[in-house]
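Trainee: Structure in structure tokens, see below.
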Amino acid sequence: MALSMPLNGLKEEDKEPLIELFVKAGSDGESIGNCPFSQRLFMILWLKGVVFSVTTVDLKRKPAHLQNLAPGTHPPFITFNSEVKTDVNKIEEFLEEVLCPPKYLKLSPKHPESNTAGMDIFAKFSAYIKNSRPEANEALERGLLKTLQKLDEYLNSPLPGEIDENSMEDIKSSTRRFLDGDEMTLADCNLLPKLHIVKVVAKKYRNFDIPKGMTGIWRYLTNAYSRDEFTNTCPSDKEVEIAYSDVAKRLTK
């Protein structure tokens, strides 16, 4: 994908930075692979509205020039005006700092609680899916459900901005589209890729569905699936299943 070069004579701050994102490739070596960290950065750059290019990296056949660019580093990583950056959390902080208003959107959540909502889900899911002992399955599933319930409660609890102090009407349930409001933030870029993996993998290898009664989570996922920033940066369900084919353990007596 070609980058749009800035025109000569523009002020330095008006020039588009040269950004290339390197993400994990799928099983075919070309499509987007299963990597929530790759998707996290992909979503951030897309939401920022900045011009950037994306290169999928086949870990089985990593090209020599990429090994020289970031020796010993697996995707995701970025080059920003030819400077290599490899730490995902630091990349997120850097992009939020340099790609700032008024030219680019601010993506930090307004409510600190949005940053930690759902943070325990992936660890509980990993323990659940890697377990091979039938006698431990029920307790591990309960642990996963408990963390999902906590997220569901957060998504259904009105944020301060949804409550009108002058209104006589008591808002009992939130209708917001995402974690921090009606627009995606950095918190969504972190959680949504992981939540999607949980949904796909738990169904495939444990026949587990996120309960339909968790209306906050299902509203959240439905809204995410309606956004290009999520669906176009997301690996296919098949890629996610392939990635977990050796990780997900069969329950054996």
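Yeah, the Cβs are placed from backbone N, Cα and C, and that goes for glycine too.
From a predicted model like this one, the values you see are computed outputs, not experimental measurements.
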Trainee: Give the range, chosen from 19-22, 35-38, 199-202, 223-226, that Swiss-Prot lists as motif 'G-site'.
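Mentor: Range annotated as motif 'G-site' by Swiss-Prot: 35-38.
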Trainee: How would DSSP class Tyr244 (phosphotyrosine) in three states?
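Mentor: Its secondary structure by DSSP: coil.
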Trainee: Roughly how many Å separate the Cα of Lys24 (N6-acetyllysine) from that of Tyr244 (phosphotyrosine), to the nearest whole number?
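Mentor: Counting only the Cα atoms, the answer is 15 Å.
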Trainee: Please determine which of the modified residues listed here (Lys24, Lys130) has the lowest count of neighbouring CB atoms within 10 Å.
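Mentor: Looking at the modified residues Lys24, Lys130, the Cβ with the fewest others within 10 Å is that of Lys130.
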Trainee: DSSP helix, strand and coil counts for the region 'Required for insertion into the membrane' (2-101)?
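Mentor: Going through the region 'Required for insertion into the membrane' (2-101) residue by residue, I get 36 helix, 20 strand, 44 coil.
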Trainee: How would DSSP class Lys130 (N6-acetyllysine) in three states?
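Mentor: The three-state answer is helix.
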